[in-house]
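Colleague: Below you will find the structure I want to go over with you.
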Amino acid sequence: MLKILLPMTMLLPTALLSPQKFLWTNTTTHSLLIATFSLQWLLPTYYPHKNLTQWAGIDQISAPLLVLSCWLLPLMIMASQNHIQHEPPTRKRVFIMTLITVQPFLILAFSTTELMLFYISFEATLIPTLILITRWGNQPERLSAGTYLLFYTLISSLPLLVTILHLHAQTGTLHLAMLKLVPPTLTNSWADLLSGLALLTAFMVKAPLYGLHLWLPKAHVEAPIAGSMLLAALLLKLGGYGIMRITLLMTPLSTHLHYPFLTLALWGALMTSSICLRQTDLKSLIAYSSVSHMGLVIAASMIQTHWSFSGAMILMISHGLTSSMLFCLANTNYERTHSRILILTRGLQPLLPLMATWWLLANLTNMALPPTTNLMAELTIMIALFNWSALTIILTGIATLLTASYTLFMLLMTQRGTLPTHITLIQNSNTREHLLMTLHIIPLLLLILKPELISGTPL
């Protein structure tokens, strides 16, 4: 674990001391090396708990998310180059350092085996994200988006802190392995039901569950490209990961709390897919599609079977890469047309034919085309839900249909149709952007060949 954490913290002096000329080169190369080194966590030789220490350990659930965290840092740095090109040198350094700061907290959150440390690192990721949105967002509404993000997350996670302290008073330990050995004596009393609810709420807001999701589209629309990638690909996964970890600890209670959360998650997947069909803003459309996919992850995590956990895990990784790629593509369009409104940026295929290919690939993975891992994940989740209750097939079936509809709508609106008259001159796509898309799509295509690496099950 320290083998990665130390080089990750060494990225800060790299960003601070690199000559201006080599700032981007040095930070991107350094973070790419870390990303390549982190791939070893996916190897079966790491399990079970090969490097378990007193406070951190990697198992099948955390390994794929840890690798995703390391993989996306160089991509975020690459995607932001154009966005902050004209900023003063000091602000460029501060921007890169803010991006780097999130990373150790994410690695700690995904690998910690102690609940209090998990809570601290879970909350600490909020501060750099807030700085990214409020300082480098594009519009004045970014301040209200930051406030939304802050208050939604803080209000929901205070009960979590209280419950963790209560759990410690009851059991005398917060170590996850110990808590599994000595399950907390939870009964069906109101106090225990409320503590179970408090444990889950913070993660439900982060995931986000439909009804608690209003901060997400706002934050996405206002965030710079790196902020959007960070939110969609990693911070939402903290919610899913937290639900997986916590539901395993509260088995006696889960029967009571299953129903409202499952219903809301599946209904939310359907509703947000419908909302996507009438979006005019490209970034907002991709943000709502994230809520829809994470609804399936929440539903699967609440069932607690091997199949559902496996499906949730694969969907989290696949969605992380797909939505990050879609945000990058939306950003390339925005940098050229200076608008996110779909009707003002349509018909770009003749002007940017290579970008149209990336758009097609990203949209096909988003709508879970065979043989992508997205399809495998959705089928696994749908089977697990169907085994739990046959009625869920209606909701998941309609949600899948709507996903295909809005994805095609997004593709046709951005690529096809007549070019608006105000677009007369457009900058060509460049190598940096193509490399960025390639680094998103390669893991997705390679995982089709060996999906068990990210399925969260022992190999």
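Backbone N, Cα and C define each Cβ position, glycine as well.
Below are the features listed in TrEMBL for this protein:
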type	residues	note
DOMAIN	1-109	domain 'NADH:ubiquinone oxidoreductase chain 4 N-terminal'
SIGNAL	1-17	signal peptide
TRANSMEM	52-73	transmembrane segment
TRANSMEM	94-111	transmembrane segment
DOMAIN	113-403	domain 'NADH:quinone oxidoreductase/Mrp antiporter transmembrane'
TRANSMEM	117-137	transmembrane segment
TRANSMEM	149-169	transmembrane segment
TRANSMEM	189-212	transmembrane segment
TRANSMEM	224-244	transmembrane segment
TRANSMEM	256-277	transmembrane segment
TRANSMEM	284-303	transmembrane segment
TRANSMEM	309-329	transmembrane segment
TRANSMEM	341-361	transmembrane segment
TRANSMEM	381-414	transmembrane segment
Colleague: For the transmembrane segment (381-414) and the transmembrane segment (224-244), check the count of CB pairs under 8 Å (sequence separation 6 or more) and say whether it reaches 3 or more.
Modeller: no
Colleague: Do the transmembrane segment (309-329) and the transmembrane segment (189-212) share at least 3 Cβ pairs under 8 Å, sequence separation 6 or more?
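Modeller: As far as Cβ distances go (cut-off 8 Å, pairs 6 or more apart), the transmembrane segment (309-329) and the transmembrane segment (189-212) do not touch.
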Colleague: Same-chain Cβ contacts of the transmembrane segment (94-111) under 8 Å, 6 or more residues past its ends?
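Modeller: Same-chain contacts beyond the flanks: 1, 4-5, 8-9, 11-12, 15-16, 23, 27, 31, 56-58, 62, 65-66, 69-70, 73, 76-77, 80, 84, 87, 117-118, 121-122, 124-125, 128-129, 131-132, 136, 226, 230, 234, 238, 241.
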Colleague: Mean pLDDT for the domain 'NADH:ubiquinone oxidoreductase chain 4 N-terminal' (1-109), as a whole number?
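Modeller: Overall, the domain 'NADH:ubiquinone oxidoreductase chain 4 N-terminal' (1-109) comes to a mean pLDDT of 88.
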Colleague: Counting Cβ pairs under 8 Å that sit 6 or more residues apart, are there three or more between the transmembrane segment (284-303) and the transmembrane segment (52-73)?
Modeller: no
Colleague: So which of 52-73, 189-212, 256-277 has the most C-beta pairs under 8 Å when paired with the transmembrane segment (224-244)?
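Modeller: So the stretch in question is 189-212.
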Colleague: What are the DSSP helix/strand/coil residue counts across the domain 'NADH:ubiquinone oxidoreductase chain 4 N-terminal' (1-109)?
Modeller: 82 helix, 1 strand, 26 coil
